[in-house]
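Visitor: Would you mind keeping the following structure in view while I ask a few things?
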Ligand code: IDC
């Protein structure tokens, strides 16, 4: 977050400089000619940081690609200049920023591949770092740092002379960022722990010689070692993140160790004291306490379930109002720093629900890529001080048990990354359907412990039978849940409605159920359950009034710019950079922005 704040300050300075420049020129040569140049925007691209040591053999290649990132920036700026006035409103996005992003992805990927030839292939977050924004006011673009990256020292030769037993060979965890003074001790402890883990694994190899089948070492030693390393590296990231920008140390890539079949001394990981960042004047922060002043997370802190209500850290019952994304795979450009900032600052929303479809081209097609995407978006929302609902969006098939394995891995990864966050809510199954409450509960009983292992205090949302209708769609109701509730703390049950399909009879059940069960409306629509057709704002008003009276949180489907009436943004909005104001919104978008802003009544 500090990084983005300073970027903002820098942008403002460029703008002011550019405006001042115009004023001088206007005074000197009169209106017209010179002002055009001052108004030409420039690109603003995030820094690509290589947080790992680069093997000597790959230094030149990596260096070349870093320099290429600057060439691409220069070329884009030249094109912005030479095409002033060309094309429609989307011209810059389609003809300049889009291709620039593609080039940057390819370049960053080449850097990863190069390093991966002689070391563990790092994840440099190409997806997150490729997109550039526009400095509307012009000015110099921030340049990519091309200082030669740190060289990897070659691993010490295996000492040999041992007992001939295999030893583990783990990649070095390099902390490429400065560690805040307050976190030095914690980071150091964790670095040492990495060594202890290796020593323990080697000891276990020695003490178990001859045990188990061919997979014994993998299953009983290397597997658990990987999990431990993953958690330790994550703890280092989290520690640094408490007082500085949270780094990505590539836990996924650096956790796995291989086997030195020939044995010998294991390459010792670096435990040299990490470099210290200039001390900040801020007191050591609580996790999440660095949320921007006045933001929902800064104001409310860690949530919990108190009776049937959602409570803030002070124990006061609150209602969160927000938006659900559409499928992240369907509208990849609609949830980003710009739209989240509009949600937070222009709509005064409290949360974003990240709808991670499992099927239909979602998570199952690229678990690593989509998990990284979700993790990145959680970080962006966190920087803004928004709460985030991480929605495991099952729909077809409707039995969540079908996706149990994927769910466990997904939540393990996301909670590991955000173990110390106080702003993440986990929704374990969007809309179970064609499955009994028993089946849903069975799934919940297996997934919730995975979440709680890393994130013991998080609020967890459990989908209900019949497309999260509390069972109503299947002719049942809330009583089946009351008879057999999910037996964990801080659980809420989801209820979804689509206002043009679901009316007074369902509202009566929700009013009744709300007295006995903690409910969370993680998704609703102003139209029919198809997500399309005319909006029914009269019914929606009645629903939202009921939710307000009972302090039930809600998120509207959806933060997208498609053709369906559920899309809050007008078509084409997500290709651009402006998400603020009513002008970019559809009828349902204007309605919900107004309801979120005021908590009450009527569109516009
Ligand atoms: C709809 C989308 C639509 C998509 C369909 C299937 O609006 O574009 O083709 O899903 O993926 C839900 C679901 C939600 C639905 C939404 C509207 O949670 O995924 O989105 N809806 O039909 N439950 C009730 C309605």
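Including glycine, each Cβ sits where the backbone N, Cα and C put it.
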Visitor: May I ask you to indicate which of 223-259, 260-296, 297-333 is given in TrEMBL as region 'Disordered'?
Guide: 260-296
Visitor: In TrEMBL, which of 98-131, 132-165, 166-199 is labelled region 'Disordered'?
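Guide: Comparing 98-131, 132-165, 166-199 with TrEMBL, region 'Disordered' matches 132-165.
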Visitor: If you average the pLDDT over the coiled coil (184-211), what number do you get?
Guide: 85
